[in-house]
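One structure is given below, encoded as structure tokens.
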Amino acid sequence: MDKIEVRGARTHNLKNINLTIPRDKLIVITGLSGSGKSSLAFDTLYAEGQRRYVESLSAYARQFLSLMEKPDVDHIEGLSPAISIEQKSTSHNPRSTVGTVTEIHDYLRLLFARVGEPRCPNHDVPLAAQTISQMVDKVLSLPEESKMMLLAPVVKERKGEHVKLLEQIAAQGYIRARIDGEICDLSDAPKLELHKKHTIEVVVDRFKVRSDLATRLAESFETALELSGGTAVVASMDEPETEELVFSANFACPHCGYSVPELEPRLFSFNNPAGACPTCDGLGVQQYFDEKRVVQNPSISLASGAVKGWDRRNFYYYQMLTSLAKHYEFDIESPFEALPKKIQQIILNGSGKEEIEFQYMNDRGDVVVRHHAFEGILNNMARRYKETESLSVREELAKNISTCPCHDCGGSRLRQEARHVYIGTTTLPDVAEKSIGETLHFFSELHLSGQRAQIAEKILKEIKERLQFLVNVGLDYLSLSRSAETLSGGEAQRIRLASQIGAGLVGVMYVLDEPSIGLHQRDNERLLNTLLHLRNLGNTVIVVEHDEDAIMAADHIIDIGPGAGVHGGQIVAEGSAKAIMANPHSITGKFLSGVEKIEIPAKRTALDKKKMLKLEGATGNNLKSVNLAIPVGLFTCVTGVSGSGKSTLINDTLFPLAQNALNRAENTQFAPYQSISGLEFFDKVIDIDQSPIGRTPRSNPATYTGLFTPIRELFAGVPESRARGYNPGRFSFNVRGGRCEACQGDGVIKVEMHFLPDVYVPCEQCKGKRYNRETLEIRYKGKTIHQVLEMTVEEAREFFDAIPQIARKLQTLMDVGLSYIRLGQSSTTLSGGEAQRVKLATELSKRDTGKTLYVLDEPTTGLHFADIKQLLTVLHRLRDQGNTIVVIEHNLDVIKTADWIIDLGPEGGNGGGQIIATGTPEQVAEVKGSHTARFLKTLLQKR
């Protein structure tokens, strides 16, 4: 069978579509945001492919797997087992790293366990057990006639007089010993000091090196090893300064006896007690109460609240500090920063063993005197955090916690034994810290010899293949030790894509969601080659994508539309790129052929050099002391290849700093920097990202934008409502009163099914309307509150035309292209792009001061060319009101319309972290050595 037949698909907004998809091809599904692409790809094709596979398993196995809901479709034929690679499922497990997710770490563990060489951490000598024959050969290789002695170390750096031991050695017939470096006669041994450390080595044999000594030496070594427990030393008698030969028959350091168990792969796993650093349990970081967070306001006194919860208002702790101030003679009313450093340390870390007289007043007003040490504010918080069972106390205390790399393993997560196993001069933590590109180069250049080369051959092949796949999807700048929870959606998705190629499956249907997200134009070609490679293996690759290169490279394109939401869900065009461009009804085709396009502004807004937001000396992650200058009142684009430092600079440094200063956010963590100036030009900073607007089915666009409040007030103002005494709360489905209590205002009831997915059935009482009968009797202009929530934004705009407060908010939702969503649509069903535009609309509808700093990270995710055009209109409108827009973006259509560009690079990871170009798009396009400039120049020449 060479095709997938879909008949009568009605999932979400799909309008009973029929479709024939060729198998073993690269298929791109495109269309406006919200047109039904994901409904077809994920909720129909993938869901059915996965469901059929899971249903073929036993009932016992099924209970452990989440079964997909059966899509609303008449018939699908020709499906293969399906694998979906989405962006949503980034791992939040702190133990997951790029190495563990891609399984490269498993191969590295095996490699180091089989061909690694353990070394002593103190003396940096290889730990190797030598045979007696090897020891004899080594001695016989010394110059002939050299006078040597063979010693057996019996005491190493141990205190004591050792009288008994010396007597025993003499009784065994030995004549001499070297005690603390001096040769002594055992019949006249010196008296040793009891409290000093001593080293005693017995002289087992003295000889001149000659070739016929082999048998004698073998016997002497045997005796020495038995006497010392496995160690022997050969020293020169003529030249004492010559380096001594130390031999060990144990797998141990001959100098200090340090030994490791047999090397096993689990010794190199930080998720196994055998390999994890015992201090941080293999997490690589430690939590501690940070004095910078605890002393929130050092410019005021302890009494006034320098430390939250320890001021006048908390009488118990305030009494403590008063007694402490009396004992150490400092003023509790002085600013904390003015107190002597020693006093500050006592307040934070405690008085040690020094006891202090504390006076406490009990409930009856009696003064009680107690003598004890002061534990210190930081220790007090740490103790309470450990002991408390109250979630609110724990959450409050957690605000003062910071994390730092583990002081024991330095963030490598492994125990000491694993950190000192080498291949050449490199350890496993060294390999994990390198960028993937460097790691691939290291293993390509690695030459092992003999038996080790044979053992490592297959392991190295697997490692190099997997690293090459990661490089091919544009992730060469990541390191294997990078925590999986710090990856962006696009990065996590491409890692899973690389893992799938590594798996080498054939005959599978892969469904991908915009794999080009977060990828610079430079890396796009490599990504497309990867997708084509998956197809060439014999798989059907279905990609939801808006990227022009991907659409042009596809074997078959499905364009869904014509509009979004209720206006979408139909197949507008399908076939090759040429067929799509020739179709007059396809918006995608119009943009591909150039009939429609996003215009380049005729002139750029000039910048005012006196009004700049400046951030200097930013050094977070890979930033190399970056000095950033953003023009106030302009639309600035921050560009650069993946991993060049854009997110670190904007999201981890600039945004949290501005948030602290402008929004008075408490305890926001930011990356290191030197200085920031220019924040006085703003009154607030807003980050408009693609995170969901609400995590529960109860939140919806009406509640998020603030529309629902005036709508409820309208219903409460209806004469019938007033006669019944209903207030606006009556029309909320979140509180008792007007909502249906059978389903608590959800409209559906969840039925748990153990071997099947949970089923949500409409509530029998309210028939899914969320409100009780009495509330639904109130009508405004003939409509109930439920009917209003079911309206699309477009219908509601017409319905509430006479109410400016509501109409304005609805108009902004239409301006950002969301005319099709329903007011009461659950926020969990909105795509990332839709959620972001709801936030944008909410901002647009507020009374504007023209002094806002907006930060957007890749706002074009999930947006079609037509949606991007609309988004840019909105952003330019915000800019025209005097606001400053900072956008991190790879999309050239956005970059070309910016007033100002800041390009980071030149490469990702360690090869990036510098600003390599700034200026208008025309100026940046001329910069040599910038990857962005190369693509931008081509685009600007098409004007």
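Cβ coordinates come from backbone N, Cα and C, glycine included.
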Give the range, chosen from 113-140, 253-280, 421-448, that Swiss-Prot lists as zinc finger.
253-280
Express the predicted model's confidence over the zinc finger (253-280) as a mean pLDDT, rounded to an integer.
91
If you skip the near sequence neighbours and keep only those at least six away, which residues in the chain come within under 8 angstroms of Ser642 (ATP binding site), Cβ to Cβ?
Gly474, Leu475, Tyr477, Gly490, Glu491, Gly518, Leu519, His520, Asp523, Gly908
Once the chains shown are all counted, how many other Cβ atoms turn up within 10 Å of the Cβ of Ser33 (ATP binding site)?
29
Look up Lys37 (ATP binding site) in the DSSP assignment and reduce it to helix, strand or coil.
helix
Among Lys37, Lys646, the binding-site residues in question, whose Cβ has the most other Cβ atoms within 10 Å in this structure?
Lys37
Could you give me three numbers for the zinc finger (253-280), the DSSP helix, strand and coil residue counts?
4 helix, 2 strand, 22 coil
Cβ-Cβ under 8 Å from Ser35 (ATP binding site), same chain, 6 or more residues apart: which ones?
Asn13, Ile560, Gly561, Gly563, Ala564, Gly565, Gly568, Gly569, His864
